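Working notes, beginning with the structure itself.
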Amino acid sequence: MKVLVPVKRVIDYNVKVRVKADGSGVDLANVKMSMNPFDEISVEQAIRLKEAGQVDEVVVVSIGVKQSQETLRTALAMGADRAILVVAADDVHNDIEPLAVAKILKAIVDEEQPGLVLCGKQAIDNDMNATGQMLAALMGWSQATFASDLEIVGDKAKVTREVDGGLQTIEVSMPTVVTVDLRLNEPRYASLPNIMKAKKKPLDEKTPADYGVDVANRLEIVKTAEPEARKAGIMVESVDELVSKLKEAGAV
Amino acid sequence: MAVLVVAEITDGALSMDATAKAVTAARPLGDVTVLCIGSLARAAAGEAATISGVARVLCAENALYGHRLAEPVAALIVSLAGEYAHIVAPATTDAKNILPRVAALLDVMVLTDVTAVVDADTFVRPVYAGNAMQTVRSKDEKKVITFRTSTFEAAGTGDPVTIDDVAAADAPGLSEWLEDRVAESDRPELTSAKIVVSGGRGVGSEENFAIIEALADKLGAAVGASRAAVDSGFAPNDWQVGQTGKVVAPDLYVACGISGAIQHLAGMKDSKIIVAINKDEEAPIFQVADYGLVADLFQAVPELTEKL
């Protein structure tokens with residue numbers, strides 16, 4: 001079985017974002033970018049399935065600016081076999097929407113015929129939490145979102161999902177789309193020799209036009225603003241003082 | 001045009017708080033119809049019919065919809081979508097699972113975690129872990145939206161409206177429910193609690209979380225946790241507050257032994273009053289706290305519990 005793993009290049013999760021003063025967006029020029037943390041978990045899971053002999057090939061795909069190939073190289077260094085880059089934007093500030101991404105992924109799935117697509121549950125930039133579900137819809141496949149455990153048995157996948165009240169286990173028919181949650185695994189670091197080897201692994205470059213997909217946004221961004229700032233707080237010296245402040249404020 | 005609100009229902013019980021908040025968010029958009037889906041949905045529909053501002057309730061009670069698997073539920077919502085310009089739900093894990101599937105089937109984008117309605121096409125949603133607020137105008141004919149409940153007040157209740165039954169849609173039969181492992185809790189539900197007491201890595205162990213729970217019980221509060229506390233096994237995952245866990249905005253949020261990483265702040269920085277107890281005076285949590293106390297939580301938290 002082949003596994004397809006979509007990965008996204010996003011602002012590094014440790015970076016405090018800056019909203020541009022003219023309200024046109026978030027400043028991404030000269031900011032550290034990395035692989036979306038949830039996607040690291042899905043790459044790791046795909047490699048673990050390969051190591052367990054349940055998967056023959058791990059194909060990673062990224063859609064966005066040309067520099068996304070660094071993200072793909074990272075996935076190849078972790079252990080993916082081959083990469084597809086779909087260059088769909090020439091400016092890092094142009095975020096392709098989940099619907100367009102899902103349509104491109106559908107075309108790739110039609111071509112590659114994987115038995116499983118492993119996505120992150122959400123990208124930490126647009127915080128949409130939608131692409132995996134949209135791909136499953138377009139394919140007419142089952143979906144298993146927010147996975148914290150995944151077991152493949154024959155032509156079914158048994159998936160434990162992180163839901164509001166606790167955990168839920170479902171069984172889905174393969175092929176399927178699984179979106180991974182934080183607690184599925186601990187992603188590995190790529191070693192230096194593997195980073196060197198990854199440079200020689202195949203990376204195909206494509207465009208949305210190759211797949212006949214229009215990447216025009218359905219949502220026009222009117223403006224991007226800073227969230228309201230909180231007013232400065234005070235430091236108290238003791239628990240007694242804290243209790244009296246809370247009582248004054250009517251909080252307890 | 002009309003708005004279809006997908007009610008939040010778990011095991012036949014309506015989540016009144018989440019559903020009533022989604023109704024508040026939906027009302028400016030048109031006449032509100034609430035859709036109750038489940039293997040048991042009748043009682044929930046009866047309750048939903050009493051929410052003020054609801055014009056009509058639809059009840060889809062069928063064994064197909066037990067545990068609300070995404071494939072059959074999305075198919076049902078799409079079968080009803082025709083007459084509605086907006087299809088919305090509270091941003092719970094259930095809705096996050098289902099609504100993007102609905103949107104793709106209708107060939108429209110989804111708007112997730114919306115915090116404000118500007119007009120019928122324009123909405124505000126947080127991006128980058130809540131560090132930027134984006135106003136977006138949808139060019140799609142139908143809008144599929146999840147609303148962040150913590151930013152809307154729950155609608156009140158009144159005289160019940162009519163409940164109509166709707167037939168099940170063809171289900172694709174691609175998935176099956178096996179098991180739920182529900183975290184037992186007598187405390188208030190995290191996302192609707194007026195007070196939340198949270199513990200982080202600083203709590204040190206699962207046993208030590210008892211002091212956090214004792215303070216919570218004294219205050220009648222829900223218990224939350226940071227990712228570090230959940231990853232370390234101190235607390236169950238459904239207690240996690242943050243960008244990838246639950247988003248809360250209680251009247252009072254007490255953060256104990258939580259440093260205040262960007263991802264945690266994303267889930268609680270709209271709380272009315274934030275109290276931070278941490279022994280590291282440099283911890284970023286103090287930058288958002290209304291009242292900060294630099295202290296060892298193992299002394300300060302029990303003392304606070306006693307003095308309240």
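Numbers run from 1 along the shown chain.
Each residue, glycine too, has its Cβ placed from N, Cα and C.
TrEMBL does not curate its annotations; it predicts them automatically.
The number of other Cβ atoms within 10 Å of the Cβ belonging to B:Arg201 (FAD binding site), over all protein chains shown, comes to 16. The FAD binding site annotation in TrEMBL covers B:Arg201, B:226-227, B:240-244, B:257-264, B:Asn278.
According to TrEMBL, the feature domain 'Electron transfer flavoprotein alpha/beta-subunit N-terminal' maps to B:3-181.
In this structure, B:Gln243 (FAD binding site) belongs to neither helix nor strand by DSSP; it is coil. A distance below 8 A between C-beta atoms marks B:Gln243 as the binding-site residues from B:Gln243, B:Ile258, B:His264 lying next to chain A. The Cβ neighbour count for B:His264 (FAD binding site), using a 10 Å radius and every protein chain shown, is 27. Mean pLDDT for the domain 'Electron transfer flavoprotein alpha/beta-subunit N-terminal' (B:3-181) in the predicted structure: 97.
In the three-state DSSP scheme, B:Ile258 (FAD binding site) falls into the coil class.
In sequence order, B:Ser198, B:Gly199, B:Gly200, B:Arg201, B:Gly202, B:Ser226, B:His264, B:Ala276, B:Asn278, B:Ala283, B:Ile285 are the residues near B:Ile258 (FAD binding site), counting only same-chain partners six or more apart with C-beta under 8 A.
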